[in-house]
Amino acid sequence: MRAVLTWRDKAEHCINDIAFKPDGTQLILAAGSRLLVYDTSDGTLLQPLKGHKDTVYCVAYAKDGKRFASGSADKSVIIWTSKLEGILKYTHNDSIQCVSYNPVTHQLASCSSSDFGLWSPEQKSISKNKSSSKIICCSWTNDGQYLALGMFNGIISIRNKNGEEKVKIERPGGSLSPIWSICWNPSREEHNDILAVADWGQKLSFYQLSGKQIGKDRVLNFDPCCISYFTKGEYILLGGSDKQVSLFTKDGVRLGTVGEQNSWVWTCRVKPDSNYVVVGCQDGTISFYQLIFSTVHGLYKDRYAYRDSMTDVIVQHLITEQKVRIKCKELVKKIAIYRNRLAIQLPEKILIYELYSEDSSDMHYRVKERIVKKFECNLLVVCANHIILCQEKRLQCLSFSGLKEREWQMESLIRYIKVIGGPPGREGLLVGLKNGQILKIFVDNLFAIVLLKQATAVRCLDMSASRKKLAVVDENDTCLVYDIDTKELLFQEPNANSVAWNTQCEDMLCFSGGGYLNIKASTFPVHRQKLQGFVVGYNGSKIFCLHVFSISAVEVPQSAPMYQYLDRKMFKEAYQIACLGVTDTDWRELAMEALEGLDFETAKKAFIRVQHLRYLELISSIEERKKRGETNNDLFLADVFSYQGKFHEAAKLYKRSGHESLALEMYTDLRMFEYAKDFLGSGDPKETKMLITKQADWARNIKEPKAAVEMYISAGEHVKAIEICGDHGWVDTLMDIARKLDKAEREPLLLCATYLKKLDSPGYAAETYLKMGDLKSLVQLHVETQRWDEAFALGEKHPEFKDDIYVPYAQWLAENDRFEEAQQAFHKAGRQREAVQVLEQLTDNAVAESRFNDAAYYYWMLSMQCLDIAQDPAQKDVMLGKFHHFQRLAELYHGYHAIHRHTEDPFSVHGPETLFNISRFLLHSLPKDTPSGISKVKILFTLAKQSKALGAYRLARHAYDKLQGLYIPTRFQKSIELGTLTIRTKPFHDSEELVPLCYRCSTNNPLLNNLGNVCINCRQPFVFSASSYDVLHLVEFCLEEGITDEEAISLIDLEAPRPKREDRQREIINNSSQILQLVETKDSMGDEDPFTAKLSFEQGGSEFVPVVVSRLVLRSMSRRDVIIKRWPPPLRWQYFRSLLPDASITMCPSCFQVGGHSSSSRVPLSATFPLPRCPSGRPGPWEEEHIHSSKLGKRFGCPRPYLHSMCI
């Protein structure tokens, strides 16, 4: 850094303060009682301003440049406009010491010895605040929120815009260290506001807005009178009793002297946004300086090191753009960089740094050595183990420990020095002298080698990568290139100020000058483009350019020199240039030129760069053909031309090389059929057919299907024609093609039929299948189109297709809810397992969806299916077990349907007695593992509710007790809890009218039967009505061994007459009385029913003994008294005898369920039955067995009189 005096003037009085106009054009000085206005460009005094009556101590300009203010010892503050007119004046109680404008709101702070005031243009009055001590200086923060006041007693007070104190900083020196000058750092990049403080304790300090000190106090050794920041806050100016202005970094590191004066420096300021400094002294001297910061830097290949903020060194990787900052905290004087070494010269020492690793991208440096010694040198160079100091004509080589190892004395001044590499400790230096000598020096050798000598002074030097050529820029701005071995001048170019060889290409260099960059390859003409700055390096396609204080890497395409080589067909050299950096277009041009020049190796590498796979495949195929011995370059070039689109040239070369077929193939592939026909002329018919086929392919691709179909048919390509017709839905065309085809052409015919089937034309498809004789496909067509009548007719003629017809038919029926027909179809197809699986799935779905009536029906269907399968002896036992299981489930789900409807629906079609009977039936019938979907809670809840309503209180208690051990849904809890409480108020017995009667042994059974639905005395199973679930007056009997079902029917049908019973009473009438006499005879004792007599003899016992009847008993029975369940084999028929002949009982002949009327169910049987439903899904046909008696129930002494007047 050096200061150049621009202008100087002297006033009559001491310069107390200075202020720049924000645009930097004017300078306001406070000198004596006047303000002096200067032009900053040449130091002309524009105008003195008079307004104060005493010494002016301070002056400040507003940030917007519209007005400035001055404060004087006459206790007044004057506001001036930028036109130098006073517009406002106000006063304090004491002399004004300092003024400062808010940078944001333009609020003016004026400070006196006893108070400070805040004024703004919007206010009519000034708000003043008392101060505990004399205020010497003040400064606003960048955002204008806070004002710092420096006081005579050593205290710094930080106030807000309203004058309220927020922070108080007490300096250690107190009143012995008055705060003479303060200033906030104007930088916007700082995270915190930083206040610089200079006191007369001869110290410089820094504080944050919070009052926290930053770092330690810096001793100045003089009394500071003024402190000022540069516009961006990077430097500080400080002047005072040492009669000079010093430049400091923003951290307080002294960098040097700006200018020495003859008296105390009372004020100094920096011109806004510039490096100009003005200094005002006690003797009235005004000095205006320009600070020149020289560039201190070093470059080695892609690493550039330069000085920043005077005390820092930044190392920049020019390729990766990585940067690392090294803080030295002292003035950096020189920088040198070489490989992994970095040397930094400071005022009193030299620091040697090295990289942490050998990685080329590593940017971490550490200190290797310190040479604590002051050196004076013009140039500094660092090597692997040495540093080189250049002092005019002398070079000194020092080790890293600071010892001088060698020294070279030159004949003339050294103008340029550069390290050109070499082994560690033996590096070579390239040195250029003012007298034109160019030397090469090795650091381990005392003797310098003269490479050559020219007449003009050396300005810049560089040596090529192979060290065979030397480029020199002389003082006449001429670039001269020499051959080092022969000392011959190869060429020279004018207008050069710096030069650099390309480190990756021996024959390329660049030089700059006159605002242009010049690139020269070999002996070709120079390529020129605009560029500002100096060339300092050239690596590949990157040129490193130093412009002003920064270096940048400029990407320069090497297109021009590459095309220079291409013009001379020098493909390999052009490829080397392209590798340095050219555009993709240039790479493609190089690849094409090399390919046409049949330089396949270069072309291949170029196409790889642009990733052009088509041409790489071509080159690869040509190389393979060359390996196989092909040498016809015309054929190779024809392939190249065809790939490039030069088709006619390619066809000529194909023909010349004897490969006309390749030309024809090329034309047809390109759809150039007219050219192909012209080329073919009258050739082979096969080739003509091939040409027509390809033309049809092309017509198909360009969306002209009709033309393509015609051409395919003419070329005999029926399959392709059929595909197009099928894809476009042309049914008529398809049928025309199918009818014209011979039946032996199965492939196109089958394709026709397939498309006709897809296009919903089954009639045409059937015709095509018949033409082919493909009956299996015809059956499949009928099945897929659901034309079942045609399928059945075909199946009758050809039984081998039975399974192919009936299995899909059954599946279709099942999908349409026609399950009975589906079963029949499965049965016809012999697929019993599928029939069972369909029903099982339907049953599971019905249960899951709470359709319990449907579930009962499906279980009945399942049972009958199992019974049908049981006719197979191999499966008889298993299927019979399933039959009985499914029958029981059908009965359970039928009964539970009524319970579920009663608990879920708001209204019920069943009466209380029916619900009571059903719930008892289910409770006695449920197995240990309750079937899916059936809720015990609902059954018990219904039983409890209906038992209570009908007077079966004991049974209701039992049901409520059972419910307590089950999980009860929330919606039933309240009802069950209420019922549990109210049942306790009822008697502990059941109504006798509800007790069931066994019609075999006439035993009254309990309502809660542990044995289930059988008599507790004779173990005879009860027969329940399918409608009301009352116990019917039916007793099952078995046939004696040897009696067949047919014989039993014939015996029953005989209906042998019973002896007529004589009248057992005789009436005697006298004159005075009428007497009724009962007559008992022997014959009347044998008049009893044989079946009834058998019941009385066989009843009782712990084991169930069925009623077995003989032929005599069968003969005595009436056909109307017997109900027969005619089960299909392998089951035996079941026989039941009605014990109340006059009661009507009805049985369904399909499902064998029985029912009748009772007082508990007023609903007709036809409305509640069948259960499960008959296979037809509706009631009937019915078989009715009527039993009549004039004295109903008298014989059995029935305890329930209502049975005598109603149907069961």
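Glycine is no exception: its Cβ is also placed from the backbone N, Cα and C atoms.
Noted in TrEMBL for the protein shown:
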DOMAIN    2-187  domain 'IFT122 first beta-propeller'
DOMAIN    189-292  domain 'IFT122 first beta-propeller'
DOMAIN    297-550  domain 'IFT122 second beta-propeller'
DOMAIN    558-937  domain 'Intraflagellar transport protein 122 homolog TPR'
DOMAIN    991-1035  domain 'IFT122 zinc ribbon'
REPEAT    49-80  repeat 'WD'
Where DSSP helix means H, G or I and strand means E or B, what are the helix, strand and coil counts for the domain 'IFT122 first beta-propeller' (189-292)? 0 helix, 60 strand, 44 coil
Which residues of the chain, 6 or more past the ends of the repeat 'WD' (49-80), have a CB below 8 A from one of its CBs? 13, 16-23, 28-37, 86-104, 106, 108, 110, 112, 117, 119
What are the DSSP helix/strand/coil residue counts across the repeat 'WD' (49-80)? 0 helix, 19 strand, 13 coil
Could you put numbers on the helix, strand and coil content of the domain 'IFT122 zinc ribbon' (991-1035), residue by residue per DSSP? 3 helix, 8 strand, 34 coil
If you average the pLDDT over the domain 'Intraflagellar transport protein 122 homolog TPR' (558-937), what number do you get? 77
